[in-house]
Every structure is written in structure tokens, then in C-alpha cells.
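Listed features, source TrEMBL:
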type     : residues : note
DOMAIN   : 41-297   : domain 'G-protein coupled receptors family 1 profile'
TRANSMEM : 25-48    : transmembrane segment
TRANSMEM : 99-120   : transmembrane segment
TRANSMEM : 140-163  : transmembrane segment
TRANSMEM : 205-226  : transmembrane segment
TRANSMEM : 238-260  : transmembrane segment
TRANSMEM : 280-299  : transmembrane segment
Amino acid sequence: MVKKNQTAVTEFLLLGFGDLHDLKILLFVLLLVIYIMALTGNALVSLLVMVSKNLHSPMYVFLSQLSLSEILFTSNIQPSMLWLTLVGGGKMSIIRCLFHSYLLAACGVTQCLLLISMSFDRYLAICKPLHYTVIMTCRLQLQIVSLCWSMGLMLSLVIYVFLYRLEFCGPDTINHFYCDVAPVLELSCSDISSVKLVTSMVSTPLIVCPLLFIIATYIFIFHTILKISSSIKRQKAFSTCSSHLTVVCLYFGSLASIYIFSPKSNSSNTKSNSSNTSKYLSLIYILVTPFFNPVIYSLRNQDIRGAIIKYIHILGSWQLK
């Protein structure tokens with residue numbers, strides 16, 4: 001066996017938002033505020049589900065896991081993004097860069113699978129109410145949650161292994177604020193055809209199949225809701241899944257903005273502009289989704305609002321004592 005040559009490049013230079021110059025302090029403060037609010041909101045949802053007995057239903061168990069994945073996701077990307085924004089770009093080792101890419105993919109896969117689980121839960125609750133408690137047992141919930149996390153970690157590891165085997169001989173500059181797969185592949189001097197094939201084989205079904213499954217379940221859900229004679233019961237049934245549907249649209253919409261609608265070009269004249277556009281579109285996925293998910297569920301869900309008000313009153317009574 002021929003020994004693998006040592007790579008000439010050991011670090012990547014991430015440009016971040018270095019082109020903003022005088023606005024970088026303002027952007028840093030804005031990103032920091034959004035990061036803190038997203039972290040606090042998702043942690044609050046997870047904590048409420050854990051301590052509130054009336055939130056121990058399957059829908060909220062899956063929601064708490066979604067919030068947990070958002071915490072891991074945003075803590076993986078945003079601290080380094082804040083650092084790159086403040087210093088106007090910086091270097092990151094290849095190992096660290098690839099590990100960031102792995103965690104990003106693992107959280108993305110886990111979130112897709114959790115959204116499937118939540119849609120399946122809503123389908124059972126609305127379309128099969130008499131069998132709901134029999135099917136959606138605590139054991140099944142644990143199995144579903146374990147499957148979502150294990151598949152997210154293992155399937156992403158397949159891509160990471162192929163990325164780790166690549167050689168990088170220069171250039172070493174990534175016009176982005178995090179290490180996504182596509183810009184990393186552009187810097188490799190190895191044959192990347194196998195990596196592209198594996199990435200496509202893993203990522204495409206994990207985006208398309210969950211979306212198709214969710215659409216199918218909601219077709220059955222809406223069909224069942226429309227057959228309910230009472231308008232009050234119809235409204236109540238729809239309200240139980242409206243938050244989830246909003247999050248699904250936000251999540252898959254942000255993914256589409258990056259990987260489908262983001263402009264791509266191989267031309268040297270337009271490549272820089274395409275990279276900048278893709279970079280700013282990525283902010284939708286990196287910032288908007290983790291920030292708005294807890295907001296959507298807090299504002300649109302009566303149970304979570306009730307739990308928040310309850311514990312605010314408890315804290316208030318403790319302070320009075």
C-alpha cells in the first residue's frame with residue numbers, strides 16, 4: 001500500500017463578513033443578540049417540556065428534541081461566526097472545519113427526521129384518535145427519538161469519512177462563515193467524484209423523502225379535519241398542527257434557499273458574487289430557523305404559553321417571599 005502523502009494545506013482561511021468593514025461591530029452585536037435569544041428560547045422549551053407534567057405528551061417530547069438539536073446546531077456554528085465577524089475573517093484547522101461540517105450535517109439530518117416524527121404524531125392524533133395512545137407509547141417515543149439521533153450521527157459520519165480522506169494543496173480560502181461541504185470540496189486537489197456521489201446519495205433522500213412524507217400526512221390530516229362537522233372542533237384540530245406546519249415550511253424553505261435557489265456558477269467572473277449571495281442566504285438557515293422555532297411554538301401553542309405563565313407566577317411568588 002502506498003503511503004498517503006501529507007497534505008500541503010493544514011488550515012482554511014474563512015473570510016466571514018470581512019467585506020463589511022465598518023459595519024462589522026453592528027453585525028457582531030446583532031448576531032450575538034440573535035444567538036443568545038435562540039439559545040435561550042430553545043433551552044426554555046426543552047426545560048418546560050422536562051419539568052411540566054402537562055407537556056409530557058409525544059408532540060412536546062419530539063419538540064424538546066428538536067429544540068435540543070437547534071441548541072447543538074446553533075452552538076456549533078454561531079460562536080465561530082461571531083469570532084470571524086469580529087476579527088474580519090480567520091483561520092481554522094482542516095480537522096476542526098470538517099468536524100463543524102459533520103455536526104452541521106448531523107443536526108440537519110436529525111431535525112428532518114424529528115419533523116417527520118412530529119407529523120406522524122399529528123397524523124395519529126387527528127386521523128387515528130382511538131388508536132393513538134395504543135400506538136404512540138413511551139417505548140415507541142424513545143425508539144423514535146433514538147432512531148432520529150442515531151441516524152443523524154451515523155449517516156453524516158459517512159460523508160465526514162469521505163471528506164477526511166481528501167487532500168488539500170491550495171488554495172485555502174473559503175468565502176463563507178462556516179465550513180459547508182460544497183466550498184470545502186472546491187478546495188480539494190483530490191478526486192471528489194466519489195464524495196459528490198455519496199453526498200448526493202445520502203442528502204437527497206434525506207431532504208426529499210421527509211418532505212414528501214410530511215406532505216402526504218398533512219393531506220390525510222386536512223382531509224380528516226374537513227370532515228369534522230363542528231367548526232370549533234375543526235379549528236381546534238388545525239391549531240394542534242399549525243405550529244409544526246409553520247416550522248416545516250420555515251425549515252425546508254431555508255434549506256431550499258441555500259441548496260436549490262442559491263445561484264451557482266463556475267465562471268470566474270461570477271463565482272465571487274455567487275459565493276456572497278450563498279453566504280447571505282445561509283443566514284436564513286443558520287439564524288432564522290433556530291430563532292423562530294421556539295417563538296412560533298411559544299406564541300401559537302396554548303399549552304406552552306400556559307406553562308410559561310405558570311412558572312412566571314411561581315418565580316414571582318418566590319420573590320415576594
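Just so it is clear, glycine is given a Cβ too, placed from its N, Cα and C backbone atoms.
Unlike curated records, TrEMBL annotations are generated automatically.
The transmembrane segment (25-48) and the transmembrane segment (280-299) are in contact, since at least 3 Cβ pairs between them lie under 8 Å (pairs 6 or more apart in sequence). For the transmembrane segment (238-260), the list of distant contacts is 59, 66, 108, 111-112, 115, 118-119, 122, 125-126, 207, 211, 214, 218, 221, 225, 278, 281-282, 284-285, 288-289, 292-293, 296-297, 300-302: same-chain residues at least six beyond its ends, Cβ to Cβ under 8 Å.
The transmembrane segment (205-226) shares the most Cβ pairs under 8 Å with 99-120, out of the stretches 99-120, 140-163, 280-299. Mean pLDDT for the domain 'G-protein coupled receptors family 1 profile' (41-297) in the predicted structure: 84. Using a Cβ-Cβ cut-off under 8 Å and counting only residues 6 or more beyond its ends in the same chain, the transmembrane segment (140-163) has close neighbours at 58, 61-62, 65, 69, 98-99, 101-103, 105-111, 113-114, 117, 181, 184, 194-195, 198-199, 202-203, 206.
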